[in-house]
């Protein structure tokens with residue numbers, strides 16, 4: 001049974017054009033081709049990346065954060081309550097009012113005390129700025145290194161400037177050492193991201209991030225085995241370009257360098273739109289959809305590869321939609337919270353105001369309610385509203401992870 005599945009999976013008609021077979025991709029005549037067995041090395045490399053990340057965050061990112069004035073904020077642990085903790089772990093971190101009333105009867109605690117317990121418990125789990133800074137530092141260093149490496153590997157290749165050259169001589173295109181390491185390190189890094197997703201900062205697009213990482217790994221693995229390496233390197237290069245700006249903007253945002261952060265966010269938004277919504281569909285997908293059939297009839301691998309590219313394109317459109325929505329809210333003055341991350345930071349600020357049991361947001365504020373004053377003065381009742389709204393826009397964009 002397993003042998004039959006193995007043979008079916010590696011049936012050359014699935015991976016290659018009809019008139020080709022795996023024998024055409026055997027090393028000969030001075031040509032070296034990618035082998036599926038080469039991908040096994042990405043597993044230990046992925047775990048090696050985890051170790052390197054740990055050492056980098058501890059010995060480089062943390063001292064850098066401290067020098068930027070970022071400190072680890074320790075939240076006091078809430079008093080252990082088995083009833084509330086069980087509900088928090090198994091049902092919801094944000095109980096409805098009816099559930100709070102039920103928990104009050106069950107635990108014999110006042111409603112206000114239960115509300116305060118859940119606020120503090122959520123704040124206890126909330127990742128601090130230091131953790132976010134270290135995570136962004138690690139990603140920035142890798143994306144920058146990968147982008148520079150990709151440029152070094154491709155700058156003198158004709159298919160970087162003429163996408164028709166991607167398919168010239170296919171599949172008899174010998175693999176270069178630079179292509180080998182570019183692929184292996186990128187795939188190992190995405191494998192590392194999947195391994196670390198359990199303890200990385202979680203955001204609302206958590207599922208989309210998982211889909212993105214899996215689609216990227218499947219896409220790269222298939223292109224490796226089918227010798228679509230040339231177009232695979234172009235896909236990686238296009239993706240890394242905007243990721244560098246995003247992670248660097250996050251770093252300056254966490255360090256409170258607002259002007260630098262604002263400038264990088266503008267650059268990120270522009271580069272993201274150009275690379276993900278223009279170059280990716282109208283250059284790369286066009287290259288993989290139109291040109292191959294000039295050399296060989298369409299086959300299963302041709303359709304599969306293009307479907308995976310379209311999956312990535314839909315994710316790009318989803319993230320672009322969030323960015324456009326945030327920009328629209330900024331322009332019309334209705335930007336009040338993070339579109340992609342959980343509302344923990346706002347909740348933490350609000351809980352500090354209500355820690356003594358008083359609801360401060362409705363307290364009189366210069367003759368007006370705090371809500372009315374906020375509406376009068378701009379975002380969060382601060383002046384000037386333009387600067388505060390721009391800071392909020394950049395903070396929201398800081399949550400974007402490609």
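A Cβ is built for glycine as well, from the same backbone N, Cα and C atoms used for every other residue.
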From 311-340, 341-370, the residue range that TrEMBL assigns the feature region 'Disordered': 341-370
According to TrEMBL, which stretch among 116-135, 136-155, 156-175, 216-235 corresponds to the feature transmembrane segment? 136-155
Which stretch does TrEMBL mark as transmembrane segment, out of 180-199, 240-259, 380-399? 180-199
With DSSP as the reference, give the number of residues of the DNA-binding region (69-129) in helix, strand and coil. 36 helix, 0 strand, 25 coil
Take the C-beta pairs under 8 A between the transmembrane segment (180-199) and each of 37-56, 136-155, 264-291, 303-324. Which stretch has the highest count? 37-56
As a test: from 37-56, 264-291, 303-324, pick the stretch that has the greatest number of Cβ pairs under 8 Å with the transmembrane segment (136-155). 37-56
So what pLDDT does the domain 'Homeobox' (67-128) average out to? 81
